Amino acid sequence: MAEITLNFPDGAQKSYEAGIKPIEVASSIAKSLAKKSVSAKLNGHYVGMNDPLTEGGDFQLITTADEESLDILRHSTSHLLAQAMRRLPKFAHAHFGVGPFIENGFYYDTDNGAGNQVSVEDFPEIEAMMKKIVKEDLPILSHEISRAEALETFKDDPYKVELINDLPEDEPISVAVQGEHIELDRGGLVPSTGWIKHFKLVSVAGSYWRGQSDNAVLQRVYGTAFWNAEDLEADLQRRAEAKERDHRNIGRDLDLFFTSQKVGSGLPVWLPNGATIRRQVERYIVDKELANDYLHVYTPVLSNLNLYKTSGHWDHYREDMFPPMDMGDGEFLELRPMNCPSHISVYQHKPRSYRDLPLRIAELGMMHRYEKSGALTGLSRVREMTLNDGHTFVAPDQLEEEFKSILKMTMAVYEDFNITDYRFRLSYRDPENTAKYFDDDEMWEKSQAQLKRAMDDMGLDYFEAPGEAAFYGPKLDIQTKTALGGEETLSTIQLDFLLPERFDLTYVGEDGQDNHRPVMLHRGIVGTMERFTAYLIEMYKGAFPTWLAPLQVQIIPVNNGAHGAYANKIKQKLQEAGLRANVETKEAKMGYLIREAQTKKVPYTLVLGDDEQDNQTVTVRRYGQQETEKMSADAFKDLVLKDVANYSRVAE
RNA sequence: GCCGACUUAGCUCAGCUGGUAGAGCACCGCUCUUGUAAAGCGGGGGUCGAAGGUUCGAAUCCUUUAGUCGGCACCA
């Protein structure tokens with residue numbers, strides 16, 4: 001029998017008889033290792049623990065201690081789900097799409113025919129069958145098959161047939177078998193169904209086959225799995241707690257904003273509390289921009305449609321714009337979907353010299369987009385929004401430096417908000433589908449390289465995302481995760497060689513010629529006020545830092561009659577210092593009022609009675625704390641002012 | 001926009017197979033009136049998302065429609 005040589009990750013080499021299984025290799029090293037080994041990798045490809053090794057090479061065992069093992073578990077759980085559904089009469093003839101692991105679990109796309117879709121009500125029955133199959137502890141074995149065999153095996157599964165037909169000619173096709181169930185599969189599975197003990201089906205939702213909106217919609221069943229019950233329980237708990245962070249719930253509980261059918265879908269109304277938070281953010285960012293040489297302007301939300309025809313927005317986004325208003329005299333007005341053409345008009349208003357550059361125009365610009373109904377979500381996806389928009393016009397040789405300075409300002413803002421969880425994404429055009437983008441290969445190559453070079457210069461980590469560029473150029477997007485786990489763009493810096501061309505922007509160079517073409521940078525730091533506020537709500541779970549809190553100080557007189565006047569005096573003192581304070585006059589027991597101040601997450605609660613009044617002091621209780629502290633009214637004022645001045649930064 | 005689920009008082013929700021609406025919190029009133037997470041009693045409030053239909057009778061069944069939610073697609 002032939003021998004094969006395996007190279008282990010620690011550098012060791014060992015020879016085995018060909019046909020040996022990873023489980024046997026593991027046992028030869030240590031019994032305990034065999035017990036916790038989930039799968040193996042040979043030369044970077046998965047091999048099941050019970051599949052024979054026919055060749056040597058770099059060999060690695062994956063154990064339950066490896067992060068990767070969770071992916072394997074979840075991938076296996078998706079197969080288990082499919083097998084269980086097939087065993088139930090109701091789903092015996094269901095067709096299956098793909099069933100991969102994802103970040104927090106797995107999903108499987110199913111098609112049980114219109115009107116018979118799987119629903120959450122079916123979950124208990126499916127889960128019960130899954131558990132039964134786990135008990136059967138069916139071995140999971142993989143092997144290669146020919147294309148013809150594969151097509152024969154999956155002939156009743158049209159989606160699988162499509163997948164097989166789309167595999168490149170030279171790609172080997174493998175399947176995974178567990179009991180009566182067979183899956184088209186590349187590997188990375190647990191040794192047997194008995195390994196899958198702790199799992200849960202989470203939700204089901206429609207989803208286009210292969211992500212193409214002209215394809216059929218399949219029912220995507222989501223689930224998750226863990227190695228032990230505690231982790232599963234903790235994850236389900238996390239999912240439930242994430243809902244408590246949802247800005248839509250907090251927005252209602254704290255009276256921040258509402259949306260209603262009466263006003264219109266996707267058109268949020270900012271209540272006083274929410275408006276206060278927004279106003280603080282707006283004042284903050286405008287001041288920051290002014291300090292960074294931005295020139296703030298006001299431009300109309302409504303403009304001549306031709307502006308957007310020239311810019312290309314009309315061509316690219318007509319479907320997502322509000323219909324133009326026909327004024328009857330040949331003029332068409334459009335609710336602007338973007339502010340760039342307005343700021344370009346500012347640039348064009350008079351001849352520009354190279355000495356003016358970089359020219360930085362900024363505005364809290366309100367824009368309207370007719371977002372598809374299914375996309376609307378609270379404040380994070382709306383039809384009317386105000387963008388923290390800025391456009392910088394630079395000479396081509398100033399581009400990289402300006403890019404870097406914008407990025408520095410952005411990161412300084414993040415520090416003030418104590419935003420630490422973000423990633424840089426370089427968004428390039430999709431090389432497979434260049435039709436959606438401005439057609440100038442050289443421009444794309446050059447600007448994408450410039451972007452990358454600037455990031456490398458600054459020594460920042462990033463990932464590259466083909467297909468995420470704007471139609472006019474590549475961009476740097478700063479990505480974050482929302483409370484509910486969604487990926488979201490917080491800030492963006494976009495390179496634009498196109499619009500200066502389209503609008504024929506020029507500046508007078510040192511040579512006196514007014515034929516030099518500037519480059520534009522589009523940037524948003526705190527994004528739209530709507531989305532950013534939603535983000536803040538979720539990040540702080542409604543417990544806003546003092547500088548943003550709608551109400552900063554709640555004052556509770558022990559007795560309205562006896563201490564009301566003193567309470568009002570303190571309130572006035574605080575208000576004169578620019579703070580937001582309120583005296584509670586409701587007739588209620590103190591415990592009740594204290595509780596209310598805490599549930600409304602007011603940063604500071606003052607209780608004022610005889611003692612305070614006699615000594616001109618206040619008794620302070622901070623949000624989330626039980627202890628109280630007595631201090632002079634002035635000391636308290638200074639304390640809060642200092643807190644406000646610190647923004648959200650981590651206290652020194 | 002697509003698929004599915006949901007829509008009952010300001011909020012959270014109950015209301016079995018059709019017999020014309022209920023709780024808690026909130027709100028208002030009264031009683032109580034001095035110290036850190038819910039005092040007691042009483043009251044007002046809903047054409048059950050909307051429109052059509054079936055029925056002697058519809059919150060409940062059917063159709064259409066709107067919105068919300070979960071995803072997908074889209075996201076300048």
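Note that Cβ sites are derived from N, Cα and C of the backbone, with glycine treated the same way.
Given the structure is predicted, the values throughout are model-derived calculations rather than measurements.
The feature domain 'TGS' is assigned by TrEMBL to A:1-63. Residues or ranges marked as domain 'Aminoacyl-transfer RNA synthetases class-II family profile' by TrEMBL: A:246-545. What TrEMBL lists as Zn(2+) binding site is A:Cys340, A:His391, A:His522.
Projection of TrEMBL feature records onto the structure.
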residue  : record              : CB count, 10 Å
A:Cys340 : Zn(2+) binding site : 23
A:His391 : Zn(2+) binding site : 26
A:His522 : Zn(2+) binding site : 23
DSSP-derived structure type at A:Cys340 (Zn(2+) binding site), helix or strand or else coil: helix
Output field, Zn(2+) shell: CB within 8 Å of site CB centroid, site A:Cys340, A:His391, A:His522 dropped: A:Met338, A:Asn339, A:His343, A:Ile344, A:Asp389, A:Gly390, A:Gln494, A:Asp496, A:Leu499, A:Met520, A:Leu521, A:Arg523
Confidence summary (mean pLDDT) of the domain 'TGS' (A:1-63): 94
DSSP three-state assignment (helix, strand or coil) for A:His391 (Zn(2+) binding site): strand
Tally of residues which DSSP labels helix, strand or coil - the domain 'TGS' (A:1-63): 14 helix, 26 strand, 23 coil
